[in-house]
Amino acid sequence: MGTLLQNKNIVIMGLRNKWSIAWGIAQAAAGEGAGLIFTCQSDREKEETEKLTAELGKFPVYICDISADENINEVFDVIRERHGVLHGVVHAIAHANPEDLSNDFVYTSRAGFLHALDVSAYSLVAVARKARELMTEGGSIVTLTYMGSEKVFGGYNVMGVTKAALEASVRYLASDLGPSGIRVNAISAGPIKTMSARGVKNFSNILSVVEEKAPLRRDVTKEDIGSACLFLLSDLSGGMTGEVTHVDCGFNVMGI
Ligand SMILES: NC(=O)c1ccc[n+]([C@@H]2O[C@H](COP(=O)([O-])OP(=O)(O)OC[C@H]3O[C@@H](n4cnc5c(N)ncnc54)[C@H](O)[C@@H]3O)[C@@H](O)[C@H]2O)c1
């Protein structure tokens with residue numbers, strides 16, 4: 001086992017199943033000695049999350065619906081009581097209503113737009129505000145974004161707009177929290193087949209285009225994201241904050 005994250009308490013939010021990007025991150029972080037703390041959305045996911053995390057060691061799982069401030073506050077208060085200081089948070093959460101990913105973007109409803117922004121972007125702000133209270137020795141917050149914030153990917157729709165808001169939030173949070181030694185960064189991951197990704201129309205097509213066109217001629221894996229996230233969580237990236245780092249086999253640098 002490595003020691004990159006030894007003596008660091010890291011909260012991982014958004015582990016749903018073994019296909020989740022958060023699972024790649026959890027495996028990498030556990031392998032470097034992190035003290036992991038997991039949150040999942042509701043009772044429904046808790047059992048599966050606990051079964052998975054047991055493979056890595058004895059780590060607690062708390063329920064946190066990220067759309068409710070009181071739930072976020074409660075969970076981080078419990079974490080403070082039971083675990084004391086916090087060194088890292090991984091925010092791997094997003095949601096949009098299915099109809100907003102299957103219709104044209106122009107039909108996005110006001111409610112659907114607000115829901116996607118609330119769960120997928122504002123949640124980072126709410127989490128960072130609370131987590132900073134526990135990051136008394138400095139810390140690293142990492143979120144997951146997608147290139148659909150920069151360019152149009154048919155079917156990504158409102159989620160592209162929320163990722164643009166998320167990336168801007170990363171920069172503003174980095175500015176606010178930097179003086180306390182807390183860094184905030186995003187990984188812009190290439191497409192990976194997960195439960196959330198299945199909601200995006202033509203997702204298989206996106207995967208095959210990346211495989212064909214990306215400089216590395218393959219799709220990214222959750223292990224690739226896990227190791228990049230290790231770097232961002234650890235002191236190795238101590239001079240980096242406010243960055244959106246592409247981990248996408250180079251796809252974003254291509255023109256045609
Ligand atoms: N899969 C991809 O191709 C890809 C690419 C780039 C970025 N991302 C991003 O990675 C992150 C993780 O997604 P994933 O692809 O691993 O899918 P996933 O479905 O495994 O994970 C999404 C998680 O969000 C959680 N969630 C949704 N609403 C929530 C709420 N109200 N409260 C708490 N949790 C909630 C779900 O329970 C789930 O654990 C997301 O931000 C996603 O946009 C994914």
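Every residue, even glycine, has its Cβ placed from backbone N, Cα and C.
Those TrEMBL annotations? Automatic predictions, nothing curated.
As written in TrEMBL, here are the features:
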type     : residues                                                                          : note
BINDING  : Gly14, Ser20, Ile21, Gln41, Ile93, Lys163, Ile192, Lys193, Thr194, Met195, Ser196 : NAD(+) binding site
BINDING  : Ala96                                                                             : substrate binding site
ACT_SITE : Tyr146                                                                            : active site, proton acceptor
ACT_SITE : Tyr156                                                                            : active site, proton acceptor
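What TrEMBL annotates, mapped onto the structure for a quick look.
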residue	record	Cβ contacts under 8 Å, 6 or more apart
Gly14	NAD(+) binding site	Ser20, Ile21, Ala22, Thr39, Val90, His91, Ala92, Ile93, Leu144
Ala96	substrate binding site	Gly112, His115, Ala116, Ser120, Asn157, Val158, Met159, Thr162, Gly199
Tyr146	active site, proton acceptor	Tyr156, Met159, Gly160, Lys163, Ser188, Ala189, Pro191
Ile192	NAD(+) binding site	Trp19, Ile21, Asp219, Val220, Thr221, Lys222, Ile225
Thr194	NAD(+) binding site	Arg16, Trp19, Ser20, Ile21, Lys222
Ser196	NAD(+) binding site	Ala94, His95
Recorded positions close to ligand 1 - of Gly14, Ile93, Ala96, Tyr146, Tyr156, Ile192, only those whose C-beta is under 6 Å away: Gly14, Ile93, Tyr146, Ile192
For the binding-site residues Ile21, Ile93, the one whose C-beta sees the most other C-beta atoms within 10 angstroms: Ile21
Around the Cβ of Tyr156 (active site, proton acceptor), the count of other Cβ atoms that are within 10 Å: 25
Site extent for NAD(+) (largest Cα pair distance over Gly14, Ser20, Ile21, Gln41, Ile93, Lys163, Ile192, Lys193, Thr194, Met195, Ser196, Å): 21
